[in-house]
Amino acid sequence: MAQQRAGQKRKVVEIPLAEQVEDDVLGNGDFDEELAEDEGSDGDEEFDEDEEEDGDEEDSDEEPLSEDGEDVRQQLRDLKTSSSVEIVDPDKDPDTDLATNGTYTPEKRPADLSNYDISVDANGNPRYIYKDIEPNYDTDDSDAPITKNTIGNIPLSYYDAYPHIGYDVNGRCIQRPAKGAALDSLLDSIDIPAGWTGLTDPATGKPLNLSREELEVLKKLSRNETPGDGYDPYPDMVEYFTGKGMEEVMPLSAAPEPKRRFVPSMHEHKRVMKIVKAIKEGRIKPYKEPTAEDLEKEEQEQEYAQYDVWANEVPRPDHAMNMPAPKLPPPGYEESYHPPPEYLPDKHQQEEWEKQDEEDRTRDFLPKDHSALRKVPGYAKFVKEKFERCLDLYLAPRVRRSKLNIDPESLLPKLPDPAELRPFPDHRSVEYVGHKGRVRTIAIDPTGDYLASGGDDGTVRIWELSTGHLKQKVRLSTTDPVNIVAWRPVISPPILAACCADNVHFIVPTDSTSPTAQAEAHTLLTAGFSAAPTIPTKSATGVDKPSPSSWHTPIPAHASQSISLTLSLRSTPKTLTWHRRGTYFATVCPSSGSPSTAIAIHALPTHTSQHPFKRLKGLPQTALFHPSQPKFFLATRQRVRIYDLQAGKLVRELLPGARWISSLSLHPGGNNLLIGSYDRKLLWHDLELAPTPYKTLRYHTRAIRDVAFHPTLQLFADASDDGSVQIFHGKVVEDGFENATIVPLKVLKGHRVRGELGVLGVVWHPREARCVSAGADGVVRMWA
Amino acid sequence: MGKIKKKGTSGNAKNYLSRSQAVRKLQISLPDFRRLCIFKGIYPREPRSKKRVSKSSTPSTTFYYAKDIQYLLHEPLLAKFRDQKALAKKISKALGRNEVGDAARFEKNLAPKLKLDHIIKERYPTFVDALRDLDDALSMLFLFANLPSTQNVPPKMIARCQRLTMEFEHYLIRTHAVRKTFLSIKGIYYQATIQGQDILWLVPYRFVQMAGPDVDFRIMGTFVDFYATLLGFVNFRLYTSIGLVYPPRFDLKSEEQGAELGAFQLEGEQMEAQAEAVGMLDVDAHDKAQAQADRLLEEADPEQIGEPQSSYMTAPETAEQQDTDMDDTLVPADQSQEGTSQTPLAALDEFASIDPKADTLLQPGLTADADVAGKLFEPFTFFLSRETPRHSLEFLVKAFGCKRVGWDNTLGEGAYCNESDTRITHQVVDRPELPLPSPPPTDGEDEGEVVSSKSNVRVPGRTYVQPQWVWDSINAGKLQRADLYAPGATLPPHLSPWVKPKKGQYDPTVPLAEQETALEAEQEAIAAEEGEDDVDEGSSGEEVEGVRGDEEVEALEHSLLSGNAITQGEGMDVALADSDSESELEAEPIEDDEFGGFSSASEVDEEESATTAHQNELLAEARGETIDEPKITKKTRIAAAKSRQTKAEREEAEQKERQKMMMPRRKRKMYEKMVYSNARKDEEAEELREKRRKIEKGKAGRA
C-alpha cells in the first residue's frame, strides 16, 4: 500500500501540467514558498549523507518485508522511543525527488507566475501543488517557522498507527523517523551521534540531543553539586563602604554646637521646682515599696469583714416583685445512708429508675443502704447538684404561686343532703308500652290520674297514670305524627288538645270521665259555633285577609273517636300552650311562612284566632303564658321576649346565650325561667336579675329536648337526646333576697337512644314527685 | 375617638425586658451580665402572659423585670467591670508586644478589686434576711472548702472557704446552735437555729469531689465570691454579738498539722463586750456567759477537769465491769442528772393531747433549747477512732456540750487525749467488731498507764458506739441506748429528723398496725388468718362478684373474722346462705344491664332481692332441703370486705359527683388536681406499707 501510494504520488509528480492558473492566490505566496523550500533543502542536506550511505541496504531490506509492511510499522511503533537514528524512509525518496524537481521547475517557467503546480487528482479535479518556498535572499519571509510540529497540540500516540506524523503544507506525510529491529545492524554499523540521549522530544517526536556540557550540568544538579566548576556559593562579603579603615572621618555638617547644649534648661528647672514644691508640701508622696506586712493587712482587709454591715438595719417592706429564692426541701427518709428497708427500691424499681431519662426522674438518687458509716462512698453528683442549684438561682424565672394547702374536700360546695331533698324520682316505676315509633309528646291531666301521649304513629293514647293501663286510643292520622298533646288546665271538664299535622283536635276522653262531664265538655267546645262570626279583617289593599284559622266540627272518622272540635291552622303547630284559665291557648308554628303568622292566640269560647304579633324578629320556637300575670313568653331561636298582653308591648328581652332554644318552662312562682337548648345548655334565668342566665348548666352530652318545673314541689327536670333525664332540686325563695339554690339530684337513665334521639319530653305529676318521660324508643316511663 | 395606643408602650410589654435587651441596655458582655446578676441577685421573671411581653416573633424564654435592670444601671460594680475590661486590653496589648513585665505589673497593680459590701447591705437589709438566705451560701462554701485546688478553683479560694466555714462552726459550737443533723447518702445535713431562723446546709463527705465537664466553675466561683463576703459579714456579726473578736486568731502552723477547728483561737473583747451587753438579747447574754465560762474552763488545768470526771467514772466502774450493764446504769444516771439540771431552767413542757381526735400542735424538739442542747454530751469524754469522720464528729460533739474530744494522732493535731487515756467515756468506732479483752483487765491502778495498746481490743469502762449513735442521740434530744449501736451490731435505721408525720402518710417510726387503713387491716387480717392453712397470695387483687349482706350478715361475718368460735350451727348456715343468694341476685342488674348503668334500679332491686332471698330460704326450709353451704374462701371474704367498702364509697362518690357538678369549672379543675396528687401520695404510702408488711412477714417467717 505504501508503495502504491508512493506510486500515485510519483504519478502526480510525473505528469506535469503546463496549463496556466487563471489568477494568483496570494501576492506574497512566493516568499513563503521560497523560505519553506530553503529550510526544506536544509533538512535535505542533513539527510543526504545517510541516504547515500544506506541506499543499497535499504532496498535489499525492503523487498522481503514488503509483503508484511504492517509488521514493519508495528515494529517501528514499538521502537518509537528506542530508535534514535534518523533514517530516511524509502517513501521519502520521491519527496526528495520532488524537492529536487521543485528546484529545477522554476527554471522551466517563470517563478513570479505561480508558486504551485496544477495537476489532476483521482477524481479528475484540479489539484494545486504548492512549491516549497526557497528562503533565499529574494524572499522577505525570514520568520517562517520551521515546520516542526504540524499535528498541533495532540498526543503523539494518535499517530501510532501510521508511519508518518502529520502533514506538510502540501499534504504530504511528514515521515516518522525510522526505527525498528531491522535497523539494528545499521545502528551497530554507525556511531552513536554526539549528544545522543535516547530521549525523544515530545514536541517533535525527534530524538533529543544534549551536548556534553549540558549533560555535565545535569549530572551535577542531580548530585546536588554546584553546577559549574568555578562557582562559589559563599563568596566573602566585599566591604566597599564600611569596615575597618573605612570610617567616616568628617561630620555631615560643619555648623558649630548651639549654646543650649551647654546651658541648663530653664523649663526643666521650673518643672523640677514644681515637683520639689509638691513634695515639700506633701502633695506628692515618694513611692514606697509595700512591705509584706502591709500587703497582708490589705489582704485581710479584703477578705475579712472589718465592720458590721447591719449596724443600723432598716427592714425593707415586702414587695410583690421581690421573690426570695425558694429553699431546698429538707431530706426525707429515703436519703438516709441507712434508711428503713421499705424505702429501698426493689429490682423492678431500680431498673425503672435507671431506664428513665435523667430529667424524668422524680428523685435524682437511688436510695441505698449502707450498713456502716465507713462504707458510705462519696456522692458523685455533689458538685453537679450544687452547680445546678446555682444555675437555678440566677437563671430560673421566679414567679409567686400561692399554694393551697387545704383539704380538697373543703373546696366542694356544701350541698344539702339528698335525703333532705326527698321526695324526688329516682327509679322507674311504670312503663307505658304501646306506641309504635317515637313518642313525641306526653301530658298529665290536672287531676294527675291520666296521662296522654302522642307519637309518630298518629295516635293519641290516654293511660291510667298509676297502672299503665291504656284507657283510650284516638287515631288522628295514619301518616302524620301527633306533635302536641296538652290538657286544658282546668280540672273539669277534661279536654285534651292534640296537634296533628295542621290541625288541633279537641278530645273529650270518654273512658275516664262521667257522661255529664263529657256533655259539659262538648258544650264548652261547641259553644263557639253559636258566637257571632268574626268580621274578616281587611288588609290595606282591601282584599280579605285570609283568616288565620278555621274552627269546624270534626270529620266523622274523628267525631266517632270523641273529638268534638277541630281547629285548622295554616301550618303545623309545634307548641300548644294553654292559658291557666283554659279559655285561651297559643300555638306556635315554627314552619309558618312569616314569623308574624307563626304565633296565634286562640279563644276557645268564641272560636276566634288572631296573630298578635305583627312584626317579629327571629323565628319563634315556643311560647308560654305567665301563670298569674297577663304576660306572654315567646322564645325565638336565640332570644326570649316577654310581652305584656294587656298593654300589648314588649316588657323584657332575655339573652340566654343559647344557639337554638328548644323549650321553656316557667317556675310556678313566675320569676324564674328555665330554658333548654339544642346546644346542650340548660339555662336558669332569674327574671329579677340580669337578662343573662343566673346559672348555665351543661351536664348533657346531647341536645336538651324538654325542661319542666314541678308545679308544686321544688324540683325540675330536663330531657335530653343522650337518653337521660336529670332531676334537680331548685329552691326558689320568693322574698327576693336570696338567690335560687340548684342541687343536682339524680340522673335517670333508661330510655334508649334511637336515631340520635333520646328522651323527647318530660312532664311532672301535678302534686307528687313523679315524672313521666317520653322516649324515642316508643316507651313512656314514669319515674318515682 | 381617643388617641390610638401604640403597641408595646405600656403595661407588661414595658415592665419586662428580654435578656438580650437587658445586656444591650447595660452595655456589658454577657459573662459580665451574668456576674452582675449573680452578685446583685437579679433573676428572670415569669410574666403572666409571655406573648404580651415579648416584642419579637421568636418566643423569648427569659424575661427580666425592667426595674431590676434599671437598678443595675447605677451599680458601681459596672464601672469596675469596665475597668477590668480596659485592663484586659492593656494586658493583652502588652503581651502582644512581648512586654511580659509590663503585663505582670498591670495585673498586679491595676487589677480592680471588687468590693461586694454594699451589695450585701442592699440584698439583705436586715441581719435576719441574711440568715434566711444562708442555706445555699453555707452549702456552697462547705463544698468549696472540701474541693481539691485546680486551675478553676485557686487554693486561695479554698483556704478562704475553709476559714470562713470553720469560723462559723466555732460560733455554732459556742452557742450550741446546732439543732438537727442527718447522715444522708449525699453528705451530712446540719440544721442550726440562729435568731429564730432555721439554717440547713449540706456538707459533703470527705472524698475527692468529681466535677463533670458540664460544670462551669466560673459561675460557681462568682457565687462563692459573693457567699464568702456574705458569710464574712455574718460571722463578724455573730462573733461580735457574743463578745468575741473577729477574725479569730488563726494558727497557720497547727492548721498545717491538721488541727482544723483547733487552729482557731477565739478571743473575747472584754471592754467592748460589756458595752454591747446592754443591747444584747437574753440568749446572747447567756451565750456570752457561757463563752466566758468556757474560757475559764479551757484555761484551767486539764487534770482539774479530769478529776471530777474520773470520780464520776469510778462509780460505775466499781459497780460493774460489764460493758452493757454499765451502759444501762450510765444512761439513766445521765438523764437523772440532766433532769435535775433542767428543772430550774424552765425547759419546755410536753403537751400530751387527751383527746386523740383533737388537733395536736407541733412542739419544738427537745434540743430546740440551747441549754438542753449544750448539755447533751457535756459529761463525757469522747475518743474518735481512726476510721470515723473526725471533723463532723468533733464539731457535733462539741456543739452539743462536750469539751473533751480526743482522736487518733493520725487524724490531726489538737486531740484532747490519746486512746489510752482513762478519762475517755465514749469511744466512737466504725469497725466490724471489737472483742472484749480475754483476761479481766487490771483495774486502772495508774491513771496514765496504758490499759491496752492494741486498738482492736475494747478497753473496759468505755462505751463503744458507732458514729450513728451521735447523730441519733442529737436528733432524739437524748442519749440513745448504746448497745444498739455497739460496733458490729446491726444499726437501727437512720431517720431524717425533718420529716413531719402526716395523716395518711407512711411513718416508719410507728408500727404498721397503727397506720394502715381499715381496708388494708382487714385484708391483712384475713390474709394472715387464711395464710395459716393455705398460702394463696396474690388473690387479693382479684375481682369477685360482690357479696353484699345486710347488717346481720355483716355482724356475723365480723365475728367470724375476729376468730370467735362459732359452732357450725343453723344460724351460721342461714347467714351464709343469705349472703350467697344475695350475691347471685346481685349479679342480675349486671346481666340485664340494658339500661346502661341505671344506678338507682340496683338499689331498689337490692331490697327486693333481700326479701326474695329470704323467702327462698324459708321455702327451702319448709321443703326440708338444705341449701349447700358455700365455701367461705378467702377470696369471697376479702371481696366481701371490699364490697362493703365499695358500697359506702359508691354512695360517697355519687355525692361528690353531684357536688362537683355544682362547682365552677376552674375550681373543679383545681379540686381534681388536688385529689389526684393526694391519691398519688396515698398510693406511695400504701406501697411503702405493703413493702414493710412483706419485710415483717419475711422476718417472722425466718424467726
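Cβ coordinates come from backbone N, Cα and C, glycine included.
Because TrEMBL annotations are produced automatically, they should be read as predictions rather than curated entries.
Residues or ranges marked as region 'Disordered' by TrEMBL: B:299-324 (among others).
Feature annotation from TrEMBL assigns domain 'BRCT' to B:372-487. Taken through DSSP, the domain 'BRCT' (B:372-487) splits into 29 helix, 14 strand, 73 coil.
The region 'Disordered' annotation in TrEMBL covers B:431-455 (among others).
Residues or ranges marked as compositional bias 'Acidic residues' in TrEMBL: B:524-544 (among others).
Taken from TrEMBL, the feature region 'Disordered' applies to B:524-548 (among others).
Summarising the annotation, TrEMBL assigns region 'Disordered' to B:577-703 (among others).
The compositional bias 'Acidic residues' feature in TrEMBL is assigned to B:579-595 (among others).
Annotation source TrEMBL lists compositional bias 'Basic and acidic residues' at B:620-632 (among others).
TrEMBL lists B:646-660 (among others) with the feature compositional bias 'Basic and acidic residues'.
Taken from TrEMBL, the feature compositional bias 'Basic residues' covers B:691-703.
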For the compositional bias 'Basic residues' (B:691-703), find every same-chain residue at least 6 residues outside the stretch whose CB is under 8 Å from a CB in it, and list them.
-> 506, 508, 512, 524
Model confidence over the domain 'BRCT' (B:372-487), averaged pLDDT | 80
So how many of the residues in the compositional bias 'Basic and acidic residues' (B:646-660) end up helix, strand or coil by DSSP?
-> 15 helix, 0 strand, 0 coil
Residues of the compositional bias 'Basic residues' (B:691-703) by DSSP state, where helix covers H, G and I = 12 helix, 0 strand, 1 coil
